[in-house]
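Feature list, courtesy of Swiss-Prot:
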- 228-247: DNA-binding region (DNA_BIND)
- 66-79: motif 'Polymerase core binding' (MOTIF)
Amino acid sequence: MVINKVEICGVNTSKLPVLKEKEMRELLISMRNGNTTAREKFIKGNLRLVLSVIQRFNNRGENADDLFQVGCIGLIKSIDNFDLSQNVKFSTYAVPMIIGEIRRYLRDNNSIRVSRSLRDIAYRALQVRDRLISKNNKEPTVSQIAKELKIPREEVIFALDAIQDPISLFEPIYHDDGDAIYVMDQISDNKNLDDSWLQNISIKEAMKKLSDREKMILNMRFFDGRTQMEVADEIGISQAQVSRLEKTALKHMKKYV
């Protein structure tokens, strides 16, 4: 059977059920009470979610059946770990876990590992790219980025290719005795980045769980690009307080992103 050019052996997508939010919640409650029939129905009712996710990996030359099986593992993990007490849609919670499971599978089955030095070059290249865009109001060429970094053009291309798989916004890329620097700090919002749609949905849902002060601090830090000291001056607290509030907010958000 074919769904948007993804072939899955043994899956008749035309007969896959579609569950409404209310029905999903009722099934989840029933599952928590040990109802195995409800669990099976819930899994079948969310297989379309897995199919929609694996379409994003179409161009990698991977076997769609394998990706589907791995995606189903991610779906089941999502079901087992989903917290009904949180006001979050199941799909919002499940999609990142399904994608994460597929990425782990791809990493584990890829003989090429991305070295620390390559990642460092890639992050520096992304920083330079953002700076040049801000300065010139247009996308820089790879040659321009390489010139800024004073390294060969081919090295920049190789490094950026090596981190093609999207990286978590909360992945620390540097930390000293002070605050960690996250990818979110270094890369501006870009609609063309892979999975930007997913990050946008997840971040919006996660931000709803924060206090007004936490929202304001994260908006100023990561969307307005201000330093912790600038935020502290703006809202009238110390830099240390900003740091603590920021870390607490990020910790809360990581539960949902």
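One is the number of the first residue shown, and numbering goes on along the chain from there.
Note: Cβ is positioned from N, Cα and C throughout, glycine not excepted.
Let's see these features in context: how buried, what's close, how far.
Averaged over the DNA-binding region (228-247), the predicted model reaches a pLDDT of 83.
DSSP assignment over the motif 'Polymerase core binding' (66-79) gives 14 helix, 0 strand, 0 coil.
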